[in-house]
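**Q** One structure, as structure tokens, below. Some questions next.
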Amino acid sequence: MTIQTDDFAPAPPRVVSAAPASPQEEAIERALRPKLLDEYVGQAKVREQLEIFIGAARKRKEALDHVLLFGPPGLGKTTLSHIIAAELGVNLRQTSGPVLEKPKDLAALLTNLEPNDVLFIDEIHRLSPVVEEILYPALEDYQIDIMIGEGPAARSIKLDLQPFTLVGATTRAGMLTNPLRDRFGIVARLEFYTPEELALIVRRSAGLLKVDTDAAGGFEIARRSRGTPRIANRLLRRVRDYAEVKGNGRITEDIAHKALVMLDVDPQGFDLMDRKLLEAVIHRFDGGPVGLDNVAASIGEERDTIEDVIEPYLIQQGYLQRTPRGRIATLAAYRHLGVTPPSSRSDGQDLFGI
């Protein structure tokens with residue numbers, strides 16, 4: 001049997017992916033980030049909590065309690081870490097869980113922090129157990145134990161640290177160990193944004209990019225952005241390109257609609273991968289329930305990518321259900337794809353009684 005290698009080729013980058021597409025895009029994101037809480041749009045409850053906690057810490061001239069931010073990618077966890085440091089008037093040191101391979105990597109960061117500084121660890125759920133063990137006394141007592149020497153002559157010494165705030169970010173809060181999770185005094189979940197909130201973000205970003213955009217054009221981009229600011233800003237830049245080449249440079253509702261159709265982003269913000277996932281569940285697995293590994297194999301995508309990037313929005317919007325027995329396509333998914341659901345589902349009841 002001949003195997004076509006194209007069947008196993010990685011999927012092309014998605015314009016509606018919440019992950020940064022390139023270092024260049026990360027640089028653009030940094031330029032568009034709000035710098036202070038007053039500039040931050042959305043996440044009203046989280047913003048209010050941080051205003052109070054930061055204000056209290058600043059008033060007492062103490063380090064802010066350690067903060068855990070979790071939620072789907074692209075919702076502003078990194079942005080909030082920068083804002084927290086800016087509001088406190090302290091330095092920010094940034095790293096990620098996979099980078100901290102050895103205890104000495106973390107020790108080097110911790111011992112160089114100044115009083116009340118913020119240490120931001122992205123993907124904190126990916127810290128190795130040995131590094132995580134070093135972090136516990138640092139978070140509780142502002143102390144770390146490090147080993148000096150090797151072999152029989154090795155000994156442990158205790159180093160005092162300056163008070164600091166750890167801001168941890170993760171898309172997989174369930175993968176955090178209980179001891180680590182319990183050491184965060186402030187825990188905040190970031191939710192998907194409403195189209196109205198994203199329209200404000202698009203308008204702000206358009207102003208910074210000097211893009212002429214009317215309200216209807218901005219809202220057309222916002223409503224297809226999957227509740228995610230990173231996607232909204234990316235779509236804004238792609239629609240800007242279309243407007244400059246196919247129009248007069250101004251983003252109107254019509255221009256935005258045509259550009260997004262060209263990009264294969266439908267009115268719900270779904271792209272080819274979203275539709276492939278829903279079609280696979282409906283057509284290949286009779287609507288489900290189907291296990292995640294089977295779904296991943298059927299559409300040629302990584303399990304983690306489906307779970308972290310594709311699924312959350314489909315579930316949040318009510319097109320997919322995650323059950324103990326597997327994934328199930330909802331009636332909304334059938335309607336969106338123009339497929340007649342089985343009679344047992346047409347009345348709103350699940351085919352499998354789940």
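Placed from the backbone N, Cα and C atoms, the Cβ positions cover glycine too.
Pulled the feature table from Swiss-Prot, pasting it below:
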- Leu32, Arg33, Gly74, Lys77, Thr78, Thr79, Glu140, Asp141, Tyr142, Arg183, Tyr193, Arg230: ATP binding site (BINDING)
- Thr78: Mg(2+) binding site (BINDING)
- Arg303, Arg322, Arg327: DNA binding site (BINDING)
- 1-22: region 'Disordered' (REGION)
- 5-193: region 'Large ATPase domain (RuvB-L)' (REGION)
- 194-264: region 'Small ATPAse domain (RuvB-S)' (REGION)
- 267-354: region 'Head domain (RuvB-H)' (REGION)
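Describe the structural context of these features.
**A** Annotation note: Tyr193 (ATP binding site) sits in a coil segment as assigned by DSSP.
In three-state terms derived from DSSP, Thr78 (ATP binding site) belongs to a helical segment.
If you take the C-beta of Arg303 (DNA binding site) and look for same-chain residues 6 or more apart in sequence within under 8 angstroms, you find Leu292, Asp293, Ala296. Arg303 (DNA binding site) falls within a helix when secondary structure is assigned with DSSP.
Per-residue pLDDT, averaged over the region 'Large ATPase domain (RuvB-L)' (5-193), rounds to 89.
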**Q** Sort out for me which one of Tyr142, Tyr193 has the most neighbouring CB atoms within 10 A, since those are the binding-site residues we care about.
**A** Tyr193
**Q** Can you tell which of the binding-site residues (Leu32, Gly74) has the fewest other C-beta atoms within 10 angstroms of its C-beta?
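**A** Comparing Cβ neighbours within 10 Å for the binding-site residues Leu32, Gly74, Leu32 has the fewest.
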**Q** How far apart, in angstrom, are the most distant Cα atoms among the ATP-binding residues Leu32, Arg33, Gly74, Lys77, Thr78, Thr79, Glu140, Asp141, Tyr142, Arg183, Tyr193, Arg230?
**A** 37
**Q** Run through the Cβ atoms and count how many others sit within 10 Å of the one on Arg327 (DNA binding site).
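**A** Within a 10 Å radius of the Cβ of Arg327 (DNA binding site) lie 25 other Cβ atoms.
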**Q** Looking only at Arg303, Arg322, Arg327, the residues listed as binding DNA, what is the longest Cα to Cα distance in Å?
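**A** Largest Cα to Cα distance for the DNA-binding set is 14 Å.
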**Q** Of these binding-site residues, Thr78, Glu140, Arg322, which scores lowest on Cβ atoms within 10 Å?
**A** Glu140
